[in-house]
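Notes for the one structure printed next.
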Amino acid sequence: MTQFLLQTIWLIPCYTIVGAIASIVWSPALIRRTGTRPAGYVNLGMTFLAFIHSLAAFPLAWQHPAQQLSVSWFQVAGLEFTLPLEISALTIGASLVVTGLNLLAQVYAIGYLEMDWGWSRFFALLALFEAGMCSLAFCNSLLFGYMILEILTLGTYLMVGTWFNQSLVVTGARDAFLTKRVGDLFLLMGVLAIYPLAGTWNFDELAQWAETATINPEIATLVGLALLAGPMGKCAQFPLHLWLDEAMEGPVPSTILRNSVVVATGAWVLIKLEPLLALSPVVLTTIITIGSLTAVGGTLIAIAQIDIKRSLSYSVSAYMGLVFIAVGTGQTDAALLLVLSHALAQALLVMSTGSIVLNSITQDLTQLGGLWSRRPISGLCYLVGVAGLISLPPFGGFWALLKLADGLWATQPWLVALLLLVNGLTAFSLMREFGLIFAGSPKPMTQRSPENFWLVTLPMMVLMGLTLHLPLILQSLALLPSWATLNQDMALLLIWSSLIGGGIGAVVYVGQGIPKPIQLPWQRLQTFFAFDLYTPQLYRSSIVFCVDWASRLTDWFDRKIIDGAVNLVGLVSLFSGEALKYSNSGQGQFYMLTITLGLAAIALSMSWSLVLQLMF
Amino acid sequence: MQLQYFLLVAAALFCIGVYGLVNSRNAVRVLMSIELMLNAVNLNLMAFSNYLDPQAIKGQIFTIFVIAIAAAEAAVGLAIVLAIYRNRDTVDMEQFNLLKW
């Protein structure tokens, strides 16, 4: 039984694929009479099955060595494509998180999309995401990881573009696809370049190879940078971060999944690639730089947003930046812990704000307010999410950040200061959002805002329970760092940064002493962050401008020069026909002259040698 | 007297015929030029027959044929000229350029 459950672990992605295919049946084009709701129920059932399978398999794999499974895909010309699967506690745990969060997000979606007809498409895509992420968790090959990332990129495009009759959705889906695609294509370059060097795409073998590899440092740097670009786009890191902001146009239930796990797919690949990236110090420095910039920039932008969903999405970028820092300093365990705690807390935050948006319609923070007394559940869930995300003991985020800070202190102390800053700013940003939504007096949009019905509230509360229990779960799995060996000063510093950040946020926004909206004395700085560092303009004036003009120029060249050259041949023959027809003058005598001249010419050419002899 | 001189005279006569053929505006003069050219040919034939083939004199037989054919051709040519003249009231070659491009 034990072996059976572990050996059939590959079924986990398949369940949801079956659900995805099945839900197409209920699309409004096919079933015209009975509606699309069964699509949601079927997918929920399939996800539940996958969750139960993961849950049952997890204890069996716990504290057992990882098992390998491999499926031969195809062989061609000496190149063998096998899909290696790794069955270990870590991969099953990842699939447990994915399926669990997807289960909750689907229940939430059944409630949230009550008034929507597009269940079939929505749930099929959600199932595709789940299948993709589970297979990414199990798949132990860089090549197949890349393939799955690409499929997920397509999934993101379709998912963000769910309500495609809205113009902002269309542009958002476009940007999400193209930005992630660019990163993926660089990743493909890296994937292709690593094969001749290492001779394998298997993550384990790559790590083994990297231990003893002696390659040209420039090559290592270039390959490392290419491998870094994929996760950079996936994790919405600077400067490929705009897509996540625009992807907030998608439906909230998919946002739960995206903010918590989908962006973490990039981090997962990055963590797996850490031994390779460590070959080049330049790459590590780049990772840390990108992560630090994104972490600080993302939190500052998040503070300046007035849209609930966008404010949270920049927090996601910032936390993925922290994961980058963790990977850049070689702390993969801390990175994994951070991904886990961030996934639960962030999903809870998105669920809570989504539940506010569902009943208050507006997403504008300046139009919300005074919901605490009437929306206690959502408010509590939000607060627990905040506690789980920032460094507040005993919740999950604290342990992850503490582990990270502890590891950083020995090597790069300045990163600890950055961590404290990001933690404090995130606390401030989240408390600001809390204050604007729940504190103060009700605004016109929130005069009458009832708590949501059970389908929305139940998954939220279950997730709140999970977030609260995360430390206990980690402790029972012996994943928490022991208190004795940890740097307790560091813990105090982290707690202080959370308390100061959150405290200032609470004083400014929960307390009513300061008039809103708050204007900074430096208005330019405020708009600079509110418009996410003018990234759209930056894109439009750099990359988009260049590509646009290059394509216009190419198009012009194609139309005028290439087509023109070919058309010129036709024109020349047309023109020569038109011009040469005048040689048919209609004069009989002219024809006779032509005949005579022709004969004379032929005679001359035939007797040319004779003529030459006569002349000399 | 040598063969070449006959040939040169015949060639000169042929060239004069060609000049008249290409340059005349009067259709009858064109026919006359054709006659000149045919006579140049006849001269050639006669000269070759005399100098190169004095026994069988095939050239002279050819010449008789050419004269006969030239007479018939001139008759048909004049008939054509008359036919055109009836329709168009002129024998100017420059007026007969209807069949162009």
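Yeah, the Cβs are placed from backbone N, Cα and C, and that goes for glycine too.
TrEMBL does not curate its annotations; it predicts them automatically.
Copied over from TrEMBL:
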type	residues	note
TRANSMEM	A:6-29	transmembrane segment
TRANSMEM	A:41-62	transmembrane segment
DOMAIN	A:73-123	domain 'NADH-Ubiquinone oxidoreductase (complex I) chain 5 N-terminal'
TRANSMEM	A:87-110	transmembrane segment
DOMAIN	A:140-422	domain 'NADH:quinone oxidoreductase/Mrp antiporter transmembrane'
TRANSMEM	A:154-173	transmembrane segment
TRANSMEM	A:185-203	transmembrane segment
TRANSMEM	A:279-304	transmembrane segment
TRANSMEM	A:311-329	transmembrane segment
TRANSMEM	A:335-358	transmembrane segment
TRANSMEM	A:379-402	transmembrane segment
TRANSMEM	A:414-431	transmembrane segment
TRANSMEM	A:452-470	transmembrane segment
TRANSMEM	A:590-611	transmembrane segment
Output the single range from A:279-304, A:335-358, A:379-402, A:590-611 maximising the number of Cβ pairs under 8 Å to the transmembrane segment (A:311-329). A:279-304
Compare A:279-304, A:379-402, A:414-431 by their Cβ pairs under 8 Å to the transmembrane segment (A:335-358) and return the stretch that comes out on top. A:379-402
What parts of the chain pack near the transmembrane segment (A:41-62), using Cβ distances under 8 Å and only residues at least 6 beyond its ends? 2, 5-6, 8-9, 11-13, 15-16, 18-20, 22-23, 87-89, 92-93, 95-96, 99-100, 102-103, 106-107, 110, 123-124, 126-127, 130, 134, 477
Determine which residues of the chain contact the transmembrane segment (A:452-470) at the Cβ level, with the cut-off under 8 Å and only residues 6 or more beyond its ends counted. 100-101, 103-105, 107-108, 110-112, 114, 340-341, 344-345, 347-348, 351-352, 354-355, 358-359, 377-378, 380-381, 384-385, 387-388, 395-396
Tally the residues of the domain 'NADH-Ubiquinone oxidoreductase (complex I) chain 5 N-terminal' (A:73-123) by DSSP class, grouping H, G and I as helix, E and B as strand, and everything else as coil. 29 helix, 13 strand, 9 coil
Let me spell it out: take the transmembrane segment (A:6-29), skip the flanking residues so only those 6+ beyond its ends count, and list any with a Cβ under 8 Å from a Cβ in it. 35-40, 42-43, 45-47, 49-50, 53-54, 57, 60-61, 67, 69, 71, 85, 87, 92, 95, 99, 102, 117-121, 123-125, 127-128, 130-132, 134-135, 138
